[in-house]
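Right, one structure below, let's go through it.
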Amino acid sequence: MPTAGNLQAGHQIATNGAPGGVAACASCHGAQGEGNAAAGFPRIAGQSAYYLGKQLTAYADGTRQNAVMGPIAKAMSAQQKRDVSAYYAELKGPVLTAPAAPPGAGATRALQLATVGDSAKRVQACSNCHGPGGIGEPPAYPFLAGQHASYLTAAMAAWKNGTRKTDPSGQMPHIAMALSDADIQALSAFFSARPPPPQPAAKDISVPAGSLLKPAEAAGGATQGAPPASR
């Protein structure tokens, strides 16, 4: 049975990397998991450990293709994936000022797609899976609110061109192919301008060496049950 993620080990990988070609996550995703909008690297602080771990596995097995992440994920052991995923799930990212949503027809269209969808294109509302305002539905569905627009646009392109195949339902590839480039750009701007979801309270990740518990669990908190299928 797989062991839980070790926060101390995850912190080590995030800040210093690991032997065998595992680069430090912070070199692209920032010291606090805030990402880099200019380079298109996503904010990962506060995403669920389940979702992050699934993406690392997908990068490793080629289900999700990326020239940067593929080699890193392939070089990581299953335990290292769990460790770093647990670390970022517990990390309180910095409070960033969201860019202003652009006015006009694009914003109106984005709001429609986010909240209602487009029945003519058989596109369901983003909120059906990603929660109201894009705050996410953890552990399975990631938050979109406060995510960098450059990353969201690139992620939709990956769904569209088939380099990301992590949705067993087939909904995301269908949605990405049904939407126009203008729709995708409008949605990316819309969600990047939304307030990020509430982040977990700041926690001390300096847990004892060998600990497999999250700080909250060590204090008697409950753990989540098995998550549903995700994307």
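Positions of Cβ are set from backbone N, Cα and C atoms, glycine also.
Copied over from TrEMBL, here are the features:
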{"type": "BINDING", "residues": "Cys25, Cys28, His29, Met69", "note": "heme c 1 binding site"}
{"type": "BINDING", "residues": "Cys126, Cys129, His130, Met172", "note": "heme c 2 binding site"}
{"type": "COMPBIAS", "residues": "215-231", "note": "compositional bias 'Low complexity'"}
{"type": "DOMAIN", "residues": "5-92", "note": "domain 'Cytochrome c'"}
{"type": "DOMAIN", "residues": "112-195", "note": "domain 'Cytochrome c'"}
{"type": "REGION", "residues": "191-231", "note": "region 'Disordered'"}
Residue counts (helix, strand, coil, in that order) that DSSP gives for the domain 'Cytochrome c' (5-92): 47 helix, 5 strand, 36 coil
Per-residue pLDDT averaged over the domain 'Cytochrome c' (5-92), given as an integer: 97
Packing count at Cys28 (heme c 1 binding site) (other Cβ atoms within 10 Å of its Cβ): 17
Candidates Cys126, Cys129, His130, Met172 (binding-site residues) - the one closest to Met69 (heme c 1 binding site) by CA: Met172
DSSP-derived helix, strand and coil totals, residue by residue, for the domain 'Cytochrome c' (112-195): 47 helix, 7 strand, 30 coil
Protein Cβ atoms within 10 Å of Cys129 (heme c 2 binding site), excluding its own: 19
Near-site residues: heme c 1, ref Cys25, Cys28, His29, Met69, CB cutoff 8 A to centroid: Ala23, Ala26, Ser27, Phe41, Ile44, Val68, Ile72
C-alpha spacing of Cys28 (heme c 1 binding site) relative to Cys129 (heme c 2 binding site), in angstrom: 28
Annotated heme c 2 contacts Cys126, Cys129, His130, Met172, maximal Cα-Cα distance (Å, integer): 12
Longest CA-CA distance among Cys25, Cys28, His29, Met69, per record bound to heme c 1, angstrom: 11
Binding-site residues listed as Cys25, Met172, least Cβ neighbours within 10 Å: Met172
Winner by Cβ contact number (other Cβ atoms within 10 Å) across the binding-site residues Met69, Cys126: Cys126
Rounded Cα separation (Å) that holds between Cys25 (heme c 1 binding site) and His130 (heme c 2 binding site): 25
